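Q: Below is the structure I would like to discuss, written out as structure tokens.
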Amino acid sequence: MSKDDIPIALCDEHIEQTSARPSTHQDDRTRGEATKRRVTQFKKFHALNGTLFFALCVIHVVGIFFFTKGFLLTRLILDHKSTCDAPPVNVSRTNGDSSTVEGCWYPRKFNKAVIIVIDALRYDFTVPFLPSEIDKEARQFHNAFPILYDTAKTMPKNAFLLPFIADPPTTTLSRLKGLTTGTLPTFIDAGSNFAGTAIEEDNLLAQMRNLGKTIVHLGDDTWQSLFPGYFHENLSHPYDSFNVWDLYTVDNGVTSHLMPLLKSHNGTQWDYIFAHFLGVDHAGHRYGPDHPAMNDKLQEMNNVILHIMEAIDDTTLLVVLGDHGMDSKGDHGGESDKEVEAALWLYSTRPVFGRTHADFVLPPVNAKIRPIRQIDLVSTLSLLLGLPIPFNNIGAPIEEAFSQRNGPEWRALATVNQIAVHQIHKYQAKYSEARNLNLDPDPHQNALYESALSLLELDVTTTKNDEARFKEAYLALRQYEDAVLSLYRQLWANFNVGDMAVGVIILTGGLVYLSAFSAWKPKMNACILIPSNLWSGLAVFFSISQSAGFASNSYTIHEDSILLFFLTTFGLISCTSSLRQSEVSDRQLGTMQSIFFTLLTRAASFSRLCREEQMPGCKSTFYASSNSSTSAPWQVFLPFIIAILLPAFIKARYKGTASYFGPAGFWLGFCFRVGLLLIAIYWVLDAADNGGWLQQAVSFETLKKASLTASRCAIVIAAFVGSITIAQAKPCIDVSLARQKPIEGQVGDNTRQAKPAVIILGYANVHGKRYLLLLPIFILLVSVLLPPMGQFSMAICACQILCLLEILDTNGLTISMSTSSGATTAIGPTILAILGSFHFFKTGHQATLASIQWNAAFVPFRTITYPWSPILIILNSFGPQILCAAAVPLTVLWKRPISKNPGWMEEVLRDVMWAMLAHVSYYAIIQLATTMWAGHLRRHLMLYRVFMPRYLMSSALLVVIDVVLLVVAWGVVRINTLSIGEVMGY
Amino acid sequence: MSRSSLSSIPPSPPASERKDPRLLTPTTNAIPFVSVKHVRYYSTLHTVAVAVLFLLQFRALVADPYRIMLWDLCLLILLQSAYCVACLPATGTWANTTTHSSGNEAAGSGSGKLNKGSWVGSMRKRPAGLGRSGAASGGWKGKATPTIIALALAMLLPPIPLTVLAHVLGAPLYPIALILNTAVLSLHVSLLTCMPLFYSHGVSGPAWRDIIAAWLPFDEPGVWGGSVGCFVGGWLGAIPIALDWDRDWQAWPITVLVGCYGGWAAGKTLLGPIFLKGRRIDMSVGAEHEAIASHPDANTADKKSR
């Protein structure tokens, strides 16, 4: 313990004052008025600075808004609709099969269709497992769903199975839009995922409805929000889609309603059925693909499909498709290979399908071979079912569906593609007109179009059916379709550079405002961004060099290693600096804490959740394995160890300065422990539920109730008891009377020594120890939402904050601008920000959309509950950063000496505001850098995988940090200072 | 931090003469060259020789890091030993620390540190009784013993903390074989930085306290400059590893080793012989200290210390 920590203060003056001078009413009144004036002045100052900080938040939000508006892609939606009686090109309506001549643009092959969407059906779930170097043994998700592959193999004329590549973002809502309109999603579509809006543009279902068909929908209720009023009301049964912990309700409901409809006597009630199963997706989200639950689920799907195959008649088309895949731990949303590789399977009891080549009979062994695009489904289904192709479609008909059963029939293929191409051409003309764009500058593309058409023109004039010529025409049409598609891919990646520039300028302005604000009041040389000593230089160096690194995808991907590198570098430099301190206690404490800080950083780095781009060479340890999203059994013990050690560790700090008084005992000694214990119990119950440990003894429902109770109690303790403690607590000090010993070197008269002295215990850290009571609230709130490994990381984060504060104190780096010896260095707040960012990665997150832990929303609730669920997700995702932001005022308050200056309270506020600005400057610099890089690299191959998610994350984070600093840190400092003023004198 | 928690006790004694009252005063003097003709040229030649020999091996190093690193180590032992013998004063033959009763109470003489002339340890023999005055009588034998001792110390003591340091900063722990590479890397660093320090400062407590606190003055032979450069270079050398260029030389620990050698050569040539002669790395933040911190040279020292 440092000499500065001497926990007592001798206040003999006070005694003398009160005993020597009997107070009069006059005195009381004047003193009361002075106090009141001081408090008012303090509150005014607080409000003024709070407002100025709020202005900074506003600048951030406005800047982010402008950039996002220009950056996130939008697509103009055309209102045109295709109609049955106006085909884009007249083709001969009779082909070889004269039995089916009905149909709008092309003779239809099926009257009815059952379209089964199995959410997150990845392609490798459906094909037999082949041992490879990466996967030597079959996992739980392998070989559990063989029916699709088997039928395609044994009955190639009745069925085919193909990899079905989704266009990112791989969220269900934007995928359903793509699957029904046949057009590419743009990011704005994905933005409305949680509040699905009706599709306005022409689509497959609208065409069905226009022809007076009855459409039935079962399962995921996203369909209802996309297509309101499209479905038959009595037959349709939507189910809530976001309760990812429920693996059975949706699927059982769909199956139980689907099977009766397929019975022959019900066959006239419907034309098309859309059934959307969610179990596979939910099993992936909850457990990850490599879990027995996934195996069960896939086998269940296998049986369901088998029963449907038996039930349908020969005019019904059966389609099974995955809307997207899932990454190795079962989540999706991004554009990694595993997330976009879904499966598509078409089946008919009649032999109607074919292949263009003998090698194509077997389904591809992996999704890299002969993949088709998801937008291709719309034109395929339209033509198979005799519907007009939706106006906005830019997909091409699938080859297998139109190759006739006896060898390739090039004529049919050329014809269906001719229809599709003409429709695309029409769309292109309208789109070009609507947007005032000249869309056909590409001569190559025009040449393809012309040559294909000329080959088909010949068809009209010559009577001879030349297969080779049709083949040539077909291939030319396919090339044209590919060219159009790539044109639109580019076009819809069209950014509004003007808006983006405005956004960047505003955000830069925010940074200028921030540095001006920081330099304004206290001292002119206190500007955060202009370093004045080694430590400030270090802080700026960390922020700037990391920002520069975001220009490279490698440094964005390996951000966690960089943060580890920075934190340990700080630890080593502070260790060196500690050794220079002249006070022995400072030197020892500082060195010890620096080493401890460094080792803790390294210890936390063993908790990792790798992103796909980090592989190979990265081993995930956050969950039981890299293919799961549940914790390993041994990890269940971690929360208990934390519940024992962490409160003891914090308590030791209070004892160290003799501050373990007043509210500290109840809140830290009792509530915090109980809260952590409840969290540990919750995660044991969760593990028991996931692992099926107590299946015989306790019912699922009891288990669920018990775990809900545990988590809710923990949250109540944190939120309510914690807030009341913070609001009402007196400073952690105690007073005792003692006979004063003579102090060496003090020239005192003998009479004084005889008097008893008041000893104030906990005097050395009055400010800090009271404010520190805030942190357990956030430790509890965040820990309850994180899996055990995340709690381990949070506990380390909390310990590191305490180490950091001791390091700052022993090296004279706590912020205090009012005294001559005080430091103005941003290192403390900056290291806190880096620490928070580091633990973001250590709590199982990455800067990707897929790494959001949606499960956190179901810790205290059974279903999605607004507005709490989004708040829980934010707490789970940015928990470490929020904790560190809440700790920022401690870099000012920690062991801050009690000042007797009038106006010491404003000094505290001024210093805290400076610390907050220093803290937010790290996030603002990172945000500005990621924004600029995302804008600059908007044509980069890795934009959507790496740069855009990082930009989204830093923008969201900046706003969250702004709010936490303003509401929590700034608010609690007010309460804290007033409470200390009340005891120590304003 | 609280200056004094006893509110009734007056603040610590007047600190007008001090640089920063919080800090100790470093007592170690800068290492001088031995007074031999052409020693400066040899020192430069040594730097160039080490750098060139290292570069010549570079291709082989990429192909087989572990073996070549061991081979390089042998060369380095010979070159560094020769350098120490030829250029540096052995421990005990010069006054390596300013004698103070204790760092804490030596506040008064702290200002003297900035006076020109007082920073270089004199080549005068220390008064008898302070140790090996016998060994310091020059001659081959008097040089060989400290060299061997310095070599042994540098090979045995610092590599272990240096290996730990590398791992703390993120050196890979698996495959396990890489730990050996890291250990050899720290042997290289130890020979580059610690061996001359052991040779000149021996195992003097105050000197090593200042070394660990990175508080030595930059000396003319560039021993301290080379050491600082080696660590800074190694730090910077870790940066290219993360890039996805898939080059052979991105393997651990090649880039760090290159950084160490490059930084060492640059630091040895520039820091001390040319810049910052006699200055020390400044880590203070105190307000009184601003005048010194704002000195251009001192600012350079700040940057280098990262």
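Glycine is treated like the rest: Cβ placed from N, Cα and C.
Feature list, courtesy of TrEMBL:
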TRANSMEM  A:52-72  transmembrane segment
TRANSMEM  A:497-516  transmembrane segment
TRANSMEM  A:528-550  transmembrane segment
TRANSMEM  A:632-652  transmembrane segment
TRANSMEM  A:664-685  transmembrane segment
TRANSMEM  A:709-729  transmembrane segment
TRANSMEM  A:771-786  transmembrane segment
TRANSMEM  A:871-892  transmembrane segment
TRANSMEM  A:912-930  transmembrane segment
TRANSMEM  A:951-973  transmembrane segment
Q: Can you work out whether the transmembrane segment (A:528-550) touches the transmembrane segment (A:771-786), with the criterion being 3+ CB pairs under 8 Å where the paired residues are 6 or more apart along the chain?
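A: No, the stretches stay apart by this measure.
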Q: Return the stretch with the most CB pairs under 8 A relative to the transmembrane segment (A:632-652), choosing among A:497-516, A:664-685, A:771-786, A:871-892, A:912-930.
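A: Answer is A:664-685, with the largest number of Cβ pairs below 8 Å.
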Q: Any chance the transmembrane segment (A:664-685) and the transmembrane segment (A:497-516) are in contact, meaning at least three CB pairs closer than 8 A with a sequence separation of 6+?
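A: Counting Cβ pairs under 8 Å, fewer than 3, so no.
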Q: Using Cβ distances below 8 Å and needing 3 or more such pairs, separated by at least 6 in sequence, tell me whether the transmembrane segment (A:52-72) contacts the transmembrane segment (A:951-973).
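A: The transmembrane segment (A:951-973) and the transmembrane segment (A:52-72): touching, yes.
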Q: Please report, as numbers and ranges, the same-chain residues at least 6 past the borders of the transmembrane segment (A:871-892) whose CB is under 8 Å from any CB of it.
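A: Residues packing against the transmembrane segment (A:871-892) from afar: 767-768, 771-772, 774-775, 778-779, 781-783, 785-786, 790, 793-794, 797-798, 801, 805, 808, 814-816, 828-829, 832-833, 835-840, 842-843, 845, 852-854, 856-857, 859-860, 908, 911-912, 914-916, 919, 956-957, 960-961, 964-965, 968-969, 972-973, 976.
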